[in-house]
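Peer 1: Not my notes, these are from Swiss-Prot:
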- Gly25, Thr26, Ser27, Leu28, Asp29, Gly30, Leu31, Asp32: ATP binding site (BINDING)
Amino acid sequence: MHPHISKLYNSALKPSRLIIGLMSGTSLDGLDVALCKITAAGVHTQIEVLKFTTVDYSDDYKTKIKQVFAKRECNLEYLTLLHPWVGKFHGDMVNQCLNSWQVNPANIDVIASHGQTIYHCPKSQHQYNDFNNGTLQIGDSDQIAVTTGITTIGDFRQKHIAAGGEGAPLAVYGDYLFFSSSDENRILLNMGGIANLTFLPQNGDSNAVFSSDIGPCNTIMDAYVQRYFNNMHYDENAAIAKAGFINTALLTALCDNHFLTLKMPKTTGPEVFNLAYLEAAQQASNTQKLSHQDVMATLNRFTAEVIANALNTCVKMAPNSVVYASGGGIHNLLLMQHLVTLCPAIKGFKNTHALGVDPDAKEAVLFAILANECLAGEQLHLDNKAQGIAGVTMGKVSFAD
């Protein structure tokens with residue numbers, strides 16, 4: 001037996017494993033790095049987040065990614081070079097974290113890397129007859145493995161597509177395994193660049209569980225701030241939005257979109273919801289001369305209404321649901337206030353701290369769970385193709401030499 005296979009086998013047999021989860025979202029804020037102690041697998045999974053940090057991305061990194069990110073046409077040579085470069089870059093960040101945490105890399109069983117999404121393209125979006133769903137994440141896991149000396153599991157989304165899914169959202173697997181409850185109906189709401197949710201009814205019926213993208217959360221607001229406000233990456237404390245007024249005409253135009261009418265589950269991305277989308281809505285509503293503050297106030301409300309529509313759909317199926325939110329959007333208190341107002345049937349809004357997981361770390365933790373399932377799990381019992389959930393083992397293994 002090859003030593004690498006033997007080591008993986010021994011890791012799988014251990015009662016608990018140390019797994020580093022990596023997540024780099026479409027907001028391009030930074031690399032989330034979560035060191036997790038994961039005990040058991042499947043529905044018996046238990047997690048302790050030992051260390052967590054977000055390593056901020058430099059402007060240089062963001063500039064490089066934005067040259068190809070969510071673009072239908074880009075420089076193929078540049079994209080080819082970015083793939084290994086991002087992997088090496090992420091590997092260096094992991095080494096920095098291990099050094100600062102004073103953790104020996106030899107003690108880590110595996111790294112779980114999501115990579116950097118460059119383009120997400122479900123069939124409902126591209127409309128080509130000859131092709132099904134597609135998604136592309138860069139950041140070669142071989143580069144991470146070689147740079148850190150740690151076996152790396154990555155490229156999780158491709159198996160989901162191979163099994164007939166859209167490659168997203170994958171949160172449902174970890175949410176179901178770790179956050180399901182027999183005491184209450186739960187909605188796990190992730191408020192990143194794109195908002196998505198996982199619906200977890202308390203009856204535990206896996207056929208009723210689903211996960212879906214909802215629509216834009218931070219993606220358009222952040223892009224607008226970055227274009228029109230120097231040296232600002234997002235609307236801190238919603239200060240810009242609070243200084244403006246909601247424009248009804250623009251709000252109506254923003255809400256007029258085919259994706260928003262589709263039933264869940266569905267997926268989307270910044271390929272659809274971006275500044276060009278906003279500009280088209282402004283033109284359609286003759287609101288090009290609005291102040292930046294009014295635009296941001298309207299975008300904030302638009303985001304809230306899109307998310308609220310999805311939450312209210314869920315609560316009709318499961319009364320008294322409790323929402324557990326995570327992601328950068330939870331820090332936008334104006335957005336959260338809108339959600340509370342628009343969702344009176346929701347029993348409560350909390351963040352995942354209440355469930356023992358830092359809301360900023362949740363996605364990195366979820367990919368650590370997927371790696372744990374790849375390594376030590378059994379056949380996944382969550383298999384509901386009608387809801388876009390394939391009962392498959394995800395992840396590709398990259399050895400360190």
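Glycine is no exception: its Cβ is also placed from the backbone N, Cα and C atoms.
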Peer 1: Would you please pick out, from the binding-site residues Gly25, Gly30, the one with the fewest other Cβ atoms within 10 Å of its Cβ?
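Peer 2: Output over binding-site residues Gly25, Gly30: least Cβ neighbours within 10 Å is Gly30.
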Peer 1: Other residues near the ATP site, CB within 8 A of the CB centroid of Gly25, Thr26, Ser27, Leu28, Asp29, Gly30, Leu31, Asp32?
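Peer 2: In sequence order, the nearby non-listed residues are Met23, Ser24, Thr54, Tyr57, Gly192.
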Peer 1: Starting from each candidate's C-beta and looking 10 angstroms out, tell me which of the binding-site residues Leu28, Leu31 has the most other C-beta atoms.
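Peer 2: By the 10 Å Cβ neighbour count, Leu31 comes out on top.
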Peer 1: Within 10 angstroms of the C-beta of Asp32 (ATP binding site), what count of other C-beta atoms is obtained when all protein chains are considered?
Peer 2: 23
Peer 1: Give the three-state DSSP assignment (helix, strand or coil) for Asp29 (ATP binding site).
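Peer 2: Note: Asp29 (ATP binding site) is coil by DSSP, not helix or strand.
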Peer 1: Would you mind checking how many other C-beta atoms are within 10 angstroms of the C-beta on Ser27 (ATP binding site)?
Peer 2: 21
Peer 1: How many other Cβ atoms are found within 10 Å of the Cβ atom of Asp29 (ATP binding site), counting all protein chains shown?
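Peer 2: So the number of other Cβ atoms within 10 Å of Asp29 (ATP binding site) is 21.
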Peer 1: What number of additional C-beta atoms lies within 10 angstroms of the C-beta atom of Thr26 (ATP binding site)?
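Peer 2: Neighbour count, Cβ to Cβ under the 10 Å cut-off: 22.
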